[in-house]
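So that you can see what the record holds, here are the features copied from TrEMBL:
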{"type": "TRANSMEM", "residues": "26-50", "note": "transmembrane segment"}
{"type": "DOMAIN", "residues": "41-290", "note": "domain 'G-protein coupled receptors family 1 profile'"}
{"type": "TRANSMEM", "residues": "71-89", "note": "transmembrane segment"}
{"type": "TRANSMEM", "residues": "101-120", "note": "transmembrane segment"}
{"type": "TRANSMEM", "residues": "140-158", "note": "transmembrane segment"}
{"type": "TRANSMEM", "residues": "197-221", "note": "transmembrane segment"}
{"type": "TRANSMEM", "residues": "242-261", "note": "transmembrane segment"}
{"type": "TRANSMEM", "residues": "273-292", "note": "transmembrane segment"}
């Protein structure tokens, strides 16, 4: 007798926020607005960095790649979320679900590596300024960016491959707004112990190690800041680093709470709220916060806006990024 493919489920239904039916229109408007700001903001950052020669440095190279990443990362999740809010239960094929899962893990892991590299870059710039140009040359920066992307590509394969090999023979309703790891494993009718352990180990390796390296970099940065004789200089640098660290902590904290935790799961609604932070909110906040306190970047935005709008000699005061 030929072995039968146990994955009898050919499509899933994403339940999304069906428990908030009366809020569907409002949620759609909010998420659409955030998505529009995210795409627009990140495109502007990429454009400004490309057009201003003063921003052709390792720090802005990392920022440009982070912005490019955030565009695709949020686009992996939000369009389907918006369609779900309009249709009250979006059907998604098995193969499309696995593809979304792969790209979600790929972009999420790449972001972890990029954030760790950016923290290391800031550590060198602040703590090793005399050796910065040697330790973070354009060639080294390019290699670090390439390593981040390639490692992310590889990281995405294991979870999506292991999930795709599970048997799905019962209910096909995913109580989430995208194809995430925990709800998919809950739907499987086969043993998921090995899959859970492999994903847990991978999550610890990527999330916890990258977060630890980021924190270590900021510990050295803070200790270096404390040696600045000027109180105003200390406050300004603390303010900038604090905003960076706050957004990084939100991203890593919510991701770790989802994928590095005991088997006892939170409620599906709590999972959705946590997931909104790292799939919808941080793609908007990350690049904006990293450019918000930077004088050179703000001046570059004004310069580009004056040139594009043809308003010569008029200072631009209002901007989303200033």
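Backbone N, Cα and C define each Cβ position, glycine as well.
Heads up, TrEMBL stuff is auto-annotated, nobody curated it.
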Contact call for the transmembrane segment (273-292) and the transmembrane segment (140-158): at least 3 Cβ pairs under 8 Å, seq gap 6+: no
Remote residues contacting the transmembrane segment (71-89) - C-beta distance under 8 A, at least 6 residues beyond either end: 13-18, 21, 24-25, 27-28, 31-32, 34-35, 38-39, 42-43, 100, 103-104, 107-108, 111, 177-178, 279-280, 283-284
Outside the transmembrane segment (26-50), six or more residues from its ends: residues with CB under 8 Å to it: 17, 20, 56, 60-61, 63-64, 67-68, 70-71, 74-75, 78-79, 81-82, 85-86, 280-281, 283-284, 287-288, 291, 297, 300-301, 304, 320-321
